[in-house]
Amino acid sequence: MNNQNTMPIPELYVSQESAAKLKTEAGEMLSWDLSPRQICDLELLMNGGFAPLKGFLTEEDYDSVVENMRTADGKLWPMPITLDVSEAFADKIEPGTDIALRDQEGVILAILSVSDKWVPNKAREAEKVFGADDLAHPAVNYLHNIAGPVYLGGPITGIQQPVHYDYRARRNTPNELRAFFRKMGWRRIVAFQTRNPLHRAHQELTFRAAKEAQANLLIHPVVGLTKPGDIDHFTRVRCYEAVLDKYPSATTSLSLLNLAMRMAGPREAVWHGIIRANHGCTHMIVGRDHAGPGKNSAGEDFYGPYDAQELFKTYQEEIGIEMVDFKHMVWVQEKAQYEPADEVQEGMTVLNISGTELRRRLAEGLEIPEWFSFPEVVQELRRTKPAKAKQGFTIFFTGFSGSGKSTIANAVMVKLMEMGGRPVTLLDGDVVRKNLSSELGFSKEHRDLNIRRIGYVASEITKNGGIAICAPIAPYTATRRAVREDIEQYGTFVEVHVATSIEECERRDRKGLYKLAREGKIKEFTGISDPYEEPTKAELKLDTQNVDVDNCAQQVILKLESLGLIAG
Ligand code: PPS
């Protein structure tokens with residue numbers, strides 16, 4: 001690694017003149033439209049953030065990185081940076097081909113000279129790199145459910161940087177930061193990696209860490225891809241800018257890093273260290289459970305709390321960056337100041353607000369004390385995440401045809417409209433199929449597409465503060481889960497299982513469809529000749545037998561109230 005932090009680091013870009021020429025040539029090549037994650041990876045490959053890599057890993061390098069955290073020629077590199085593609089695209093490519101890599105608008109960013117093409121063993125990659133082949137890990141889920149099945153590897157020729165329209169002045173390449181440090185005379189720089197808003201404890205600990213290391217401080221937050229469910233980077237950057245003013249001027253700088261995190265704990269910490277060394281930093285703060293992915297499917301932590309620090313220490317010399325311990329800061333009431341938890345005198349009153357408690361207070365619109373966070377930061381967070389009673393949400397009814405979904409959904413809609421305050425939209429199964437999904441049939445593929453469309457519209461409504469009421473059959477658990485994930489980025493998802501039995505639905509047969517289904521005149525009919533996977537984790541299960549519609553609607557309203565979605 002380059003610990004000569006003032007020297008320029010090699011980039012993969014060609015000169016401007018050659019870039020123009022190459023771009024014309026690349027227009028004729030087969031091209032791959034990069035995913036958001038691949039764009040992040042490519043940017044850091046091209047600007048030297050991922051030095052010593054010179055392209056997407058070859059098969060030999062990949063095997064070696066997965067097994068030993070080193071490239072085939074022995075250089076420390078813990079994370080497989082691979083170009084995953086679809087089978088259909090891979091079939092068109094032979095090693096030796098040059099392909100154009102384009103961003104999502106079609107702009108050519110680079111040329112990949114493909115030297116390798118292979119089908120990876122993803123289960124092994126998950127085990128070795130992330131510690132378990134468990135879909136509860138966001139990167140393992142990405143690996144199996146989002147990444148393409150074939151990897152391409154080879155050197156990159158950089159044509160241009162990905163274009164960013166947001167916070168341009170705060171984005172710096174490794175060489176820009178190195179030049180800045182040189183210009184400012186900063187020789188020792190502590191980097192602080194983060195994907196969360198900073199509160200007072202963070203400000204205290206970073207300031208102390210820099211002071212102890214006799215160094216300047218670089219707040220270096222990730223604005224590429226972080227953990228699903230994190231606060232969006234627009235909000236975070238506004239928060240960081242507010243906190244920046246709290247440091248003594250000229251000691252601290254803020255720069256945004258377009259990294260796609262993998263939440264790989266210990267390996268990720270080493271990776272972050274290499275990236276920071278490439279950006280000219282000499283020290284990095286590594287905390288408890290650095291880049292931790294949360295709980296595994298058995299409800300346990302994926303990594304031990306100090307695994308990342310231990311692995312980092314093993315490699316810090318080779319990385320060329322020194323680890324600075326993250327001190328757990330707590331508010332000491334009697335002294336009205338922050339102190340490291342292990343230095344607090346006995347008998348003092350120590351206050352702390354956990355992440356979960358903070359989220360609860362924000363959701364319920366409760367007070368967040370000034371000792372915990374800066375008012376400007378709290379104000380930004382409240383703007384983005386208003387109290388639950390002011391956020392949008394989605395009620396998703398699921399159940400057999402004729403179970404009563406539409407009737408109950410209509411009754412709920414009317415009650416919500418009576419209350420007022422938020423616009424309400426009903427996306428009824430039948431109605432959606434007449435317009436939004438008019439060309440679709442009832443195969444699994446078409447049903448999934450139908451539900452994903454409903455989910456997309458509902459997520460937009462939720463994002464914009466409205467109430468979406470959906471009432472499709474939605475027979476598949478995985479599709480319902482995917483819709484839930486889409487919506488939970490923006491607000492609450494309330495799944496209501498209208499649990500009328502198939503026998504009762506058939507007995508009622510309001511539309512005469514069950515009769516036709518029995519006679520084989522309607523094929524793939526849910527409950528008769530097509531499956532329905534019962535929800536096991538619905539927020540509410542409605543038993544409609546001997547219960548009138550009004551009462552069912554009332555149960556839904558009470559549920560909304562208990563979830564804090566409507567003011568009581
Ligand atoms: S799905 O599975 O969620 O996409 O179905 P959905 O969009 O809710 O559409 C269900 C309505 O279409 C009518 N219908 C059928 N339902 C199930 N299976 C088959 N094969 C079928 N063919 C037509 C039926 O009237 C459903 O309306 P509801 O309101 O549920 O009774």
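Using N, Cα and C of the backbone, Cβ positions are placed for all residues, glycine too.
Marked as domain 'ATP-sulfurylase PUA-like' by TrEMBL: 9-160.
Here TrEMBL flags 171-383 as domain 'Sulphate adenylyltransferase catalytic'.
Taken from TrEMBL, the feature domain 'APS kinase' applies to 391-543.
Taken from TrEMBL, the feature ATP binding site applies to Gly399, Phe400, Ser401, Gly402, Ser403, Gly404, Lys405, Ser406. Counted within 10 Å of its Cβ, the other Cβ atoms near Lys405 (ATP binding site) come to 29, all protein chains included.
Applying an 8 A CB threshold to same-chain residues 6+ apart, the list for Ser403 (ATP binding site) reads Val498, Ala499, Thr500, Cys505, Thr544. The most densely surrounded of the binding-site residues Gly399, Gly402, Gly404, judged by C-beta neighbours within 10 angstroms, is Gly399. Take the mean position of the Cβ atoms of Gly399, Phe400, Ser401, Gly402, Ser403, Gly404, Lys405, Ser406, the recorded ATP site; other residues of that chain with a Cβ within 8 Å of it are Ala471, Ile473, Val498, Thr500, Cys505. Of all Cβ atoms in the protein chains displayed, 23 besides its own lie within 10 Å of the Cβ of Phe400 (ATP binding site). With a cut-off of 6 Å between Cβ and the nearest atom of ligand 1, the binding-site residues Ser401, Gly402, Gly404 reduce to Ser401, Gly402. Cβ contacts within 10 Å of Ser406 (ATP binding site), excluding its own Cβ and spanning all protein chains shown: 20.
The average pLDDT computed over the domain 'ATP-sulfurylase PUA-like' (9-160) stands at 97. Ser401 (ATP binding site) is surrounded by 24 other CB atoms, counting those within 10 A of its CB over all protein chains shown.
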